[in-house]
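Read through the structure below, which is laid out as structure tokens, and then see the notes.
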């Protein structure tokens, strides 16, 4: 009657045993690494000049590329698909969890601030490697929200690995220029056009033309906000510091991180942060942003980081949410740590 695709037989229970292997239909499966598809991650520690702009960016794991041994990530900024090595991604921590570093053992550990639980393992997922240094591959159902466009325009540079040299620079320039031309043409028409990055185009509502940002304009905006806080020194919660000759990582760890930790503790307790703590967070964030604006001007390609930093500056200037202020200040600290 067509219900069976094979031969039906009747067997006694003692003549059956469980199989250690389960057959699956691989037709609709997306390769998956130790970090499951759909997991939100942070990108960090990329050293190549062409890839450093991704440090501090957030993204979602799309799939595991077995051949290149890299994760394909869909970045939140620009919705771009990028390939990143496992050592350069960090899984986002769940709510109420903090990451710490044991200097004596040289290992990271994780603590739940509510339960006061401490563990060496990441509370969400841990990346394990076998003795050959290879990540094991596993397969789950394909992500419904991600569609890979097999008919997209192909460039020679697409065959190269992310963040590595040896590719044709002119081919890369050609690809970027064509993407920028399409975006600018769409903006002039009051529309939005997705980049040719392997994702299907989606019709979107017309939006306002994006503000063009430069390092000089951003730096001046930050200085103006700092000057505003200096008009009434008695109301300042901190002393204005000069970070000119200090490393970005040192500034973030020594000044901004302790303030963020105190603000996080208050927010986790469900309490309203005191005004002096909010002022301290804003003042330190602006001081660190001034340092970040100087550092970002030295990068060869910094357009995307400039756009994101400009959004952070605007939010800090207008935000009334302590949680949003905390998240923006944490973004500033993360950015400085990668510079």
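Keep in mind that glycine also has a Cβ here, set from the backbone N, Cα and C atoms.
Feature annotations, courtesy of TrEMBL:
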type	residues	note
DOMAIN	91-125	domain 'WW'
REGION	140-210	region 'Disordered'
COMPBIAS	172-186	compositional bias 'Basic and acidic residues'
COMPBIAS	187-196	compositional bias 'Acidic residues'
COMPBIAS	201-210	compositional bias 'Basic residues'
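Counted with DSSP, the domain 'WW' (91-125) comes out as 0 helix, 16 strand, 19 coil.
The average pLDDT the prediction assigns to the domain 'WW' (91-125) is 82.
Under DSSP, the residues of the compositional bias 'Basic and acidic residues' (172-186) split into helix, strand and coil as follows: 15 helix, 0 strand, 0 coil.
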